[in-house]
Amino acid sequence: MSEEKKSVELSGDIDFIETPPAKASQFETGEDCGIEVTKAAAIPNPPLAVDGPGNESFSNYLLGGTLVGLPAFLTWFFGGGAKTFVFFFLLSVLPVLVAFWTYASTFSPRTNEKVKLPGRPVEHYITFKREEDKAKWHGKNKIPMQTFAEMYLDGLVDFNGDTLDVMEYRHDWANFSFTWDLFKFIVGTFFVDVLFHTKAQDEEQVRPNYDSGNDHYAWFLGPRMIYTSGIISDPEKEETLEEMQDNKMAIVCEKIGLKEGETMLDIGCGWGTLARFASLNYGAKVTGLTIAENQTAWGNDALRKAGIPEEQSKILCMDYRDAPRTKFDKITQLEMGEHVGIRRLTGFFRQCYDMLKDDGAMYVQLSGLRQAWQYEDFIWGLYLNKYIFRGADASTPLWYYVKCLEQAGFEVKGIDTVGVHYSGTLWRWYRNWVGNVEAIKAKYGPRWYRIWELFLAWSVIASRQGSATCYQMVVVKNLNSTHRINGVASQFGLAGALAASRAAGKSRLP
């Protein structure tokens with residue numbers, strides 16, 4: 001083994017912890033919050049499920065009228081013509097957008113007033129380090145969430161308790177106004193990333209993220225090393241993270257009707273756990289693709305340790321655009337499409353179409369955003385784009401994914417929405433991360449720890465409340481010759497797919 005490979009942490013180099021138990025809340029009032037509160041064991045139940053301001057009060061007509069009306073007025077005032085209008089329009093479009101979104105996000109009312117906020121002062125939840133910040137945000141004067149996030153990463157403010165617990169009460173101490181720093185990131189970084197998504201750009205942005213260290217990911221993903229949503233099988237039971245991930249892999253294999261000896265391509269395979277599961281439990285011949293060298297080393301090492309020969313299954317370090325141009329019985333891609341980019345999504349699906357046998361099936365799992373957005377959704381999403389998933393921009397409402405798949409030549413066979421399952425998964429990731437706090441800070445520093453701590457805690461909430469969700473889609477080629485009747489037996493929802501895998505004794509990774 002080369003010296004370079006020796007420096008990569010493999011499964012035997014990691015001491016995995018058992019997911020710590022959830023902490024009791026310090027902030028519960030015991031009073032009626034105005035709506036029913038759930039008591040499921042599978043997720044952290046929200047104490048204040050507040051519907052914040054968003055598209056319910058946002059007027060596209062008013063925005064459009066302002067964008068056109070201001071340059072029209074200036075053109076009339078100065079006695080100009082069409083060229084003058086174009087000049088003033090180009091001059092004013094960005095300031096108008098910034099001013100409009102700032103005003104709307106600051107002064108729009110909540111979508112509804114059902115939830116009663118405790119009304120505690122800001123300092124009950126968070127503690128500022130600088131006197132000027134204490135003077136600026138105190139009592140009922142709430143801090144913009146984006147400003148708070150940046151200050152928290154810089155160590156200028158602390159939570160007065162467990163991060164997730166305090167974030168559950170964020171509507172009592174923060175607002176969701178768009179800030180100048182947020183606009184600078186959108187214009188100067190986010191839009192630039194969205195425009196291109198070249199291979200070189202993706203390697204520059206994606207590879208350092210997933211090659212940041214296998215130990216970094218192991219500290220929250222646990223022994224399965226799966227960076228996608230698990231599945232809850234029983235809301236009244238707190239399944240382990242490993243059980244939830246096994247549930248998901250079993251469902252994937254059943255939904256595509258995977259059979260022994262079939263070839264399967266897993267695009268964006270991560271650390272290769274699905275490839276190992278499908279190889280061991282279903283006898284498939286799997287090729288996994290990842291752009292990350294550390295993931296490739298881990299995945300192949302785990303396959304060999306499980307007794308799976310390279311002739312059967314392997315992980316390749318390769319950009320999806322360089323995928324082997326051969327035909328596969330089944331294709332899977334779990335939450336890698338976000339890195340493809342909105343502009344390239346249909347072309348990517350068409351590439352998959354060309355690599356899939358005519359009677360094959362493809363499983364697509366993608367994160368999504370709701371059409372009925374709230375301002376918090378954008379602020380959370382841009383935090384993720386800046387610090388966690390740089391360049392990942394293809395999280396959209398469901399209709400856009402369906403359109404891209406159909407334009408690529410596919411027919412949608414089935415769809416499940418699993419956002420709340422993601423919340424349960426993230427809850428366990430968050431507890432793992434907090435449980436490894438000392439090791440993380442010792443190697444990566446306190447800022448790195450805080451970036452991911454806030455991401456995981458906030459995402460637990462975002463996926464539970466609908467800010468973000470996740471879709472499982474199974475598609476087949478939309479050809480007259482596609483034997484659709486053969487797919488009826490595998491046309492499962494979540495419960496049916498998992499039951500079929502359990503009945504066959506294939507639902508747990510050995």
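Yeah, the Cβs are placed from backbone N, Cα and C, and that goes for glycine too.
Among the ranges 62-82, 167-187, 440-460, the one that Swiss-Prot lists as transmembrane segment is 62-82. Candidates Asn294, Asn480 were compared with Swiss-Prot; the annotation N-linked glycosylation site appears at Asn294. Note on the binding-site residues Tyr227, Trp271: the fewest other CB atoms within 10 A surround the CB of Tyr227.
Sorted by the number of other CB atoms within 10 A, the binding-site residues Leu265, Ile291 start with Ile291, the lowest. It is Asn175, among the recorded positions Asn175, Asn294, whose Cβ has the fewest other Cβ atoms within 10 Å in the structure shown.
Asn175 (N-linked glycosylation site) sits 36 Å from Gly268 (S-adenosyl-L-methionine binding site), taking the CA atoms of both as reference points. Note: the Cα of Arg321 (S-adenosyl-L-methionine binding site) and the Cα of Asn55 (N-linked glycosylation site) are spaced 37 Å from each other.
Distance between Cα atoms for Tyr227 (S-adenosyl-L-methionine binding site) and Asn55 (N-linked glycosylation site): 31 Å, as a whole number.
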